[in-house]
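Asker: A single structure is presented below for examination.
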Amino acid sequence: MPRDAMAGLLLAAIAIPEQLATARLAGMPPEAGLFAFAAGAIGFAVFGTNRYLSAGADSTIAPIFASSLALLAAPGSADYAGLATLLSIMVGAVLIGAALLRAGWVADLLSIPVTTGFMAGIAVHIIVGQMPSVLGLPDVHSPIAAQALQIIQRLPDTNPFALAIGLFVLAATQATERRAKHLPGALLALVAVAGATALLHLDRHGVDVLGTLPATLPHLAVPVARPDDVLRIAPLALIVALVCMMQTAAVLRAFPSHPDGPRHVARDFGGVGAGCVIAGLIGGFAVNASPPRTAVVVSAGGGSQLVSIVAVILAAALLLGGGGLLAFVPHAALGGILIAVAVRIFRLKEMVTIARSGGAEIWLVAASAALVVLLPIETGMLASIILSLLLSSYAIARPLCEELARAPGTTVWWPPHGEAGEHEPGILVFAAAAPLNFTNATFIRDQLTAAIERAPSPVRLVVLEASGVTGIDYTGATVLLQAIGRLRSEGIQVALARLSAERAYDSAARTGLLATIGPGQVFRSVEDAVRWFKRGGLRYSRTQVD
């Protein structure tokens with residue numbers, strides 16, 4: 001209990017300034033960020049399973065929905081707040097639905113390169129969007145290219161006090177993150193600049209400040225759900241929910257309650273979803289799992305969700321008794337915190353690692369980032385997800401097909417990869433590393449035909465090495481049956497080896513593939529098939545096949 005209380009104090013010191021800044025990023029009033037933090041913490045504490053996860057307002061999803069909702073209503077208006085709360089409830093409903101359906105696998109739809117790319121794109125949006133605050137310029141609400149152009153045009157109007165505040169907070173936040181993670185750098189910097197603003201009356205010199213926060217706790221209010229609004233923001237709710245699933249799964253992988261125990265991913269989706277629903281009912285906005293705040297809980301020695309509850313109590317105390325203390329917090333300071341967050345989520349080291357690994361996935365990172373930057377964020381993210389799925393589908397649709405050879409002095413048949421391998425005259429051992437389905441059946445058949453034509457001597461036996469075949473659909477089985485019939489009509493025998501995947505074996509039996517090949521020609525190893533052939537095997541003529 002004492003360790004959880006101390007960890008809660010540290011979490012509050014880290015979370016409060018971050019939640020205030022994220023509310024600004026979301027286009028909501030500052031107190032809405034604290035409401036969202038309370039909702040996320042309470043919802044996950046009641047319905048989640050992970051002991052460490054910290055849920056609340058999140059800088060990853062805030063720009064996603066803020067940029068979209070800004071097209072429907074003016075940020076800061078009552079209509080905008082209504083849409084944000086409605087969206088939060090819809091996101092929560094999607095997450096709870098995923099939990100009930102045990103759809104934890106959905107988080108795997110986003111590959112690491114795609115995630116890295118769209119996080120980089122979001123970082124660019126955050127930096128460009130917060131530059132007016134840091135420079136002391138009026139806010140710009142337009143597409144990112146127009147924002148950047150207007151900022152450049154207005155650079156001569158930069159407020160030096162605001163710029164100094166923003167750079168100081170950015171530097172302090174980054175310095176403590178890198179060299180003294182146990183210190184709440186953002187909070188210390190926020191207190192320092194708020195004190196300086198009050199003492200030096202910087203608000204009289206063009207430095208915009210938060211103003212006094214209303215000293216009130218949230219109250220229950222069900223947002224009006226007009227059918228048109230629900231339909232317009234439904235796609236956005238799905239995208240935000242998918243990002244929440246991805247980030248929640250990442251936090252659970254990094255900080256499991258028990259390293260060797262099971263992870264209840266789907267149930268924890270429900271915990272985050274409950275937080276979203278509560279946030280929508282009390283005037284907050286959609287919440288998400290937070291990797292950095294969860295890391296703070298773990299490093300501080302927290303061992304239960306009591307840590308987050310303590311942090312919520314402290315945030316509530318600040319709102320009720322110390323809202324006036326936040327009156328002199330400059331917008332430039334919150335902009336500095338958000339730019340520090342953007343630098344954190346711009347995963348440069350990950351990009352370098354992906355680039356060094358070779359392959360085309362670094363281009364997937366670049367494409368995802370470009371799509372998120374150049375298109376509306378939710379459209380760019382959807383395009384990135386589709387691109388990722390297309391590339392993964394391509395690996396199945398055009399799988400690696402190889403001719404195997406026996407490793408010298410063994411009975412193991414293996415892709416030679418340029419090394420010496422033993423080949424048996426008249427025998428072709430062919431392997432396709434993919435499930436056999438409608439996307440690749442014709443391609444695999446054509447690759448088999450080409451391999452037979454390349455053979456140095458007439459092929460009399462084709463051994464289909466099927467260890468990489470994890471499934472067979474009706475189209476795949478039909479195409480393979482036709483290919484077997486054609487080969488037998490040409491006097492070529494066909495054997496099947498190492499069909500070990502239970503799902504694929506059941507499909508082969510159900511579609512008649514095993515019966516057509518013949519039980520005597522299905523083997524546990526390639527070598528068994530070769531020995532069977534050498535002992536005489538079977539012979540097929542055109543008459544027998546017909």
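Each residue, glycine too, has its Cβ placed from N, Cα and C.
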Asker: If TrEMBL is the reference, give me the range from 60-78, 497-515 marked as transmembrane segment.
Answerer: 60-78
Asker: Counting only residues 6+ away from its ends, which parts of the chain sit with a Cβ under 8 Å from the transmembrane segment (268-289)?
Answerer: 23, 26, 28, 32-33, 35-44, 46-50, 53-58, 60-62, 65, 81, 84-89, 91-100, 103-104, 218-223, 240-241, 243-245, 247-248, 250-252
Asker: If we call contact 3 or more Cβ pairs under 8 Å (sequence gap 6 or more), are the transmembrane segment (60-78) and the transmembrane segment (309-341) touching?
Answerer: no
Asker: For the transmembrane segment (183-202) and the transmembrane segment (33-53), decide whether they are in contact, meaning at least 3 CB pairs lie under 8 A, counting pairs 6 or more apart in sequence.
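Answerer: These two segments do not touch.
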Asker: Thinking of Cβ pairs under 8 Å, which stretch from 84-102, 109-128, 159-176, 233-256, 309-341 has the most of them with the transmembrane segment (33-53)?
Answerer: 309-341
Asker: Decide whether the stretches the transmembrane segment (309-341) and the transmembrane segment (159-176) have at least 3 CB pairs under 8 angstroms, with pairs required to be 6 or more apart in sequence.
Answerer: yes
